[in-house]
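These notes are about the structure you will find just below.
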Amino acid sequence: MESYLNENFDVKAKHSSEEVLEKWRNLCGVVKNPKRRFRFTANLSKRYEAAAMRRTNQEKLRIAVLVSKAAFQFISGVSPSDYTVPEDVKAAGFEICADELGSIVESHDVKKLKFHGGVDGLAGKLKASPTDGLSTEAAQLSQRQELFGINKFAESEMRGFWVFVWEALQDMTLMILGVCAFVSLIVGIATEGWPKGSHDGLGIAASILLVVFVTATSDYRQSLQFRDLDKEKKKITVQVTRNGFRQKLSIYDLLPGDIVHLAIGDQVPADGLFLSGFSVVIDESSLTGESEPVMVNAQNPFLMSGTKVQDGSCKMMITTVGMRTQWGKLMATLTEGGDDETPLQVKLNGVATIIGKIGLFFAVVTFAVLVQGMFMRKLSTGTHWVWSGDEALELLEYFAIAVTIVVVAVPEGLPLAVTLSLAFAMKKMMNDKALVRHLAACETMGSATTICSDKTGTLTTNHMTVVKSCICMNVQDVANKGSSLQSEIPESAVKLLIQSIFNNTGGEVVVNKHGKTELLGTPTETAILELGLSLGGKFQEERKSYKVIKVEPFNSTKKRMGVVIELPEGGRMRAHTKGASEIVLAACDKVVNSSGEVVPLDEESIKYLNVTINEFANEALRTLCLAYMDIEGGFSPDDAIPASGFTCVGIVGIKDPVRPGVKESVELCRRAGITVRMVTGDNINTAKAIARECGILTDDGIAIEGPVFREKNQEELLELIPKIQVMARSSPMDKHTLVKQLRTTFDEVVAVTGDGTNDAPALHEADIGLAMGIAGTEVAKESADVIILDDNFSTIVTVAKWGRSVYINIQKFVQFQLTVNVVALVVNFSSACLTGSAPLTAVQLLWVNMIMDTLGALALATEPPNDELMKRLPVGRRGNFITNAMWRNILGQAVYQFIVIWILQAKGKAMFGLDGPDSTLMLNTLIFNCFVFCQVFNEISSREMEEIDVFKGILDNYVFVVVIGATVFFQIIIIEFLGTFASTTPLTITQWIFSIFIGFLGMPIAAGLKTIPV
């Protein structure tokens, strides 16, 4: 079976081709309810339709943008037609309406923008300040929202409970049974009268309704869970200035006139206009289909919702929100194609198909044998031409039994149990600070063999402080020095440092609404800004003193950032750079000495500074070098900042402590067979020191630098990669190469963390991409499969534990369900062949189906993870889903149950002294009761596939306890009180004890089976 499944039902967790997805669906036969079974799989036809629609819309948008841009270059003399402000807008105090605002950005209408007075003019008409933003007065915000709309897209309506009831009724076998129930009701009443003749028909109808409502309730609850998770995925916050104060705001609360701050990796949250910024490059491919990035500046100020900031940073003013934006219109035209199905869902569809075909064969044969037996009886009595109502009902019962065998034999619950388990796990993982974006990721994480983790913020706290410095060639402890540090540095050097720190930064020092000073920016930036403040610097004064000519933001390839400013005295230009110590120091040829003088950087000074860098790094400090140069001969914003000729001002050592619990988590991974590798852009000595502290770098492991790794050929990589535990000074492409090699060459299942825009390729390539929720950019999050909301490595280990739990829970459920399938099939088939009757009726089989399908999935697929899971080796990429241990347990239990039921069938009447007209009914009730209790105790045994102690932690899973309790309770009701509908009769106390004992006996047998090696 496994080889057939691997050949035909094997899909990748990510990036499966449409052909592969089509192939397995076409192989799925004997599907009782396609609507329900394939609800959580990608709708390929809608996906094709959506893709075609997207291409059409992108082409329209692309042409519109290009035509408008070209037209405005040539048509300079034409003025826009007069604009009349609508009365309701005028009454509210605004001078422009939403439609006019929308047309400006949508058409890139420069003429119309100029007509309204440019960006400042529009701000005035919107009653907004380009510096202070909107007023936070509730009445004004409400009025603005009423006139200009909210920043939300149209969503499909939530499907109600009755929709799921209707879907459950689409089951073909239940429809056939419904027809059987109706015919049985009519014939029964006609022959036996009311109410006696209605019992069989009403029994089947009631069973169908029970199955439908339990199924619908389960599906509806799942849909609510997915809805909640979908809302979590869409929660995006942006930095906004309102009332003159910077604050975080949900994108849903944005309004026209809001001032939004954007940086690399951010998604533009609504249509708007550029206010100020540097080197802003926008990726518009998601909207227009154009792969060429667009420069946005004062000349081309249009920013469109849904596009991504590829480089630079800026302030923008929102003009159009929600369904009025280009992105909103595009989203409204697209139909959701759905998430790709997970590998387990597909594999279990394969299992369901195989068993379904076997079940269909047995059902047909069983029906044929039962009918043949009936005809033989009638032939022997010579009544084959005469048919009574009772005989018609008997024939109908045979048909119902055959159909119900198909109901039981086609395990449609298998693939749906995966969804149930994943929904449960995803909801619980939210509480553990992990947001799963793609279903398959949760499942795949259970098979992970390698985690490639960032250092900063994941293994460390990301709370950074400058603790050491080497300024003007003097090493000093900065921590706890405060303002006294200023007096120990030459005044000229202090001025240079403050100038460098406050001008060459992506952060800001602001006063919040409570009147307190607040540092904004990345942890590295805020640590450096804190140093600038301790040196006596004043951020706003410093920024106003100099005109910024050019900014080159930090990126992980260059590993440095730069700025060119115009000095007030004489208009001279000065460049400042800051970044990785070795890289910036290599660009220096001069240094500021202890007297504050600029002197040539000789060999001795270089050696001293390199030793200092290594000493800082060996103390697990991140090191940054600050340098400057005076530019002679003028500088244009189009020029690149010089790459060399700088003067080194100083080196700072930043402490970023290791997170508590990381060392234990790394050790837990090692015991679980998961290799943890650190991939960082930091200095190799810093990386090694942190890696040793975390327990990642061992004596036999290798630490390597990205540039060295890049130079290796394939043969060298084959030997090197298994030993790599630390990669320092790595670029995003180094990370991508490492991940690709691990996956393709070494067949590892790789999880990768990332937070920056440049990490997107590695996150996309990995089996599981893990983006950081706090430090991560929107681009990184969009490329990821799981978002680690607290940026903590220990949370990644929790995700792995949940992934293993999902995988093993599904294995438990499959083992349990296949046992019921095998026994129910064999018992009814063999009984039909040998005795001419079936001991389990249609109503009874429907009840068994519910125990095994919906209730069984609820009980076994929602087991919470335990610590034992992380003591096993990972399944890896090639592991068999249905293991030898599972086959051993399935066949062992099936043989036991089959033997018990056959002994009862053959000797039951004699054993219990049953005689009289109701003896067969009594025996069949006893067989049914024993069969159900065998499933109840087998369900408990299935909690562990290898361990003998199956009661450990049973009370931690209240769902399991409730399901077992409910099953026993309803079984008592069915036997004792619903006999006329379920074809049962009340049992004696002795018979009840015997039934429970027979079921319980399966547990020691299951424990004994687990001792058999496989």
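For all residues, glycine too, the Cβ spot is worked out from N, Cα and C.
Counting every protein chain shown, 25 other Cβ atoms lie within 10 Å of the Cβ of D454 (active site, 4-aspartylphosphate intermediate). The DSSP secondary structure for D454 (active site, 4-aspartylphosphate intermediate) is coil. The feature active site, 4-aspartylphosphate intermediate is assigned by Swiss-Prot to D454, with similarity to another entry given as support.
The Mg(2+) binding site feature in Swiss-Prot is assigned to D755, D759. Sequence-distant contacts of D755 (Mg(2+) binding site), defined as residues of its own chain at least six apart whose C-beta falls under 8 angstroms from its C-beta, comprise D454, G457, A771, M772, A775, G776, T777, A780, D791.
Annotated N-acetylmethionine per Swiss-Prot: M1, in sequence order.
According to Swiss-Prot, the feature phosphoserine maps to S45.
Here Swiss-Prot flags 20-31 as region 'Interaction with calmodulin'.
Mean model confidence for the topological domain 'Cytoplasmic' (1-160) is a pLDDT of 75. The annotation topological domain 'Cytoplasmic' is assigned in Swiss-Prot to 1-160 (among others) on the grounds of sequence analysis.
The topological domain 'Lumenal' annotation in Swiss-Prot covers 182-199 (among others).
In terms of DSSP helix, strand and coil, the topological domain 'Cytoplasmic' (221-348) has 37 helix, 47 strand, 44 coil. Residues or ranges marked as topological domain 'Cytoplasmic' in Swiss-Prot (evidence: sequence analysis): 221-348 (among others).
Across the topological domain 'Lumenal' (369-398), the DSSP tally of helix, strand and coil residues reads 23 helix, 0 strand, 7 coil. Residues annotated as topological domain 'Lumenal' in Swiss-Prot, with sequence analysis given as evidence: 369-398 (among others).
Swiss-Prot lists 417-810 (among others) with the feature topological domain 'Cytoplasmic'.
Here Swiss-Prot flags 830-840 (among others) as topological domain 'Lumenal', drawing on sequence analysis. Counting residue by residue with DSSP, the topological domain 'Lumenal' (830-840) contains 6 helix, 0 strand, 5 coil.
Away from its own ends, the topological domain 'Cytoplasmic' (862-881) comes close to residues 2, 5, 344, 347, 420-421, 424, 428, 446-449, 668-669, 671-674, 747-749, 797, 800-802, 804-805, 807-809, 811-812, 814, 943, 947, 952-953, 956-957, 959-960 of its chain (Cβ-Cβ under 8 Å, at least six residues beyond either end). Feature annotation from Swiss-Prot assigns topological domain 'Cytoplasmic' to 862-881 (among others); the stated evidence is sequence analysis.
Nonlocal intrachain contacts for the topological domain 'Lumenal' (905-916), taken as residues 6+ away from its ends with a CB within less than 8 angstroms of a stretch CB, comprise 831, 835, 839, 922-923, 926-927, 990-991. Residues or ranges marked as topological domain 'Lumenal' in Swiss-Prot (evidence: sequence analysis): 905-916 (among others).
Note: the topological domain 'Cytoplasmic' (939-956) comprises 6 helix, 0 strand, 12 coil (DSSP; helix = H, G, I, strand = E, B). Look at Swiss-Prot and you will find 939-956 (among others) tagged as topological domain 'Cytoplasmic', backed by sequence analysis.
Packing against the topological domain 'Lumenal' (979-988) from elsewhere in the chain are residues 199-200, 202-203, 206-207, 841, 843-844, 847, 918, 921-922, 924-926, 928-929, 995: each is 6 or more residues past its ends and has a CB under 8 Å from a CB in it. Residues or ranges marked as topological domain 'Lumenal' by Swiss-Prot: 979-988 (among others).
Annotation comment: Swiss-Prot describes 1011-1014 (among others) as topological domain 'Cytoplasmic', evidence class sequence analysis. Sequence-remote contacts of a segment are chain residues at least 6 beyond its ends whose Cβ falls under 8 Å from one of its Cβ atoms, and for the topological domain 'Cytoplasmic' (1011-1014) they are 883-885, 887-888, 892, 948.
Following the DSSP three-state reduction, the secondary structure of D759 (Mg(2+) binding site) is helix. Cβ neighbour count for D759 (Mg(2+) binding site) (all protein chains, 10 Å cutoff from its Cβ): 29. Using a cut-off of 8 Å between Cβ atoms, the transmembrane segment (957-978) and the transmembrane segment (841-861) share at least three residue pairs, counting only pairs 6 or more apart in sequence. Here the transmembrane segment (917-938) touches the transmembrane segment (841-861). Their Cβ atoms form 3 or more pairs under 8 Å, with each pair 6 or more residues apart. Helix, strand and coil counts from DSSP across the topological domain 'Lumenal' (905-916) read 8 helix, 0 strand, 4 coil. Counting residues of the topological domain 'Cytoplasmic' (1011-1014) by DSSP class, helix then strand then coil, yields 0 helix, 0 strand, 4 coil.
In this chain, the transmembrane segment (349-368) does not touch the transmembrane segment (841-861); fewer than three CB pairs sit within less than 8 A of each other, excluding pairs fewer than 6 residues apart.
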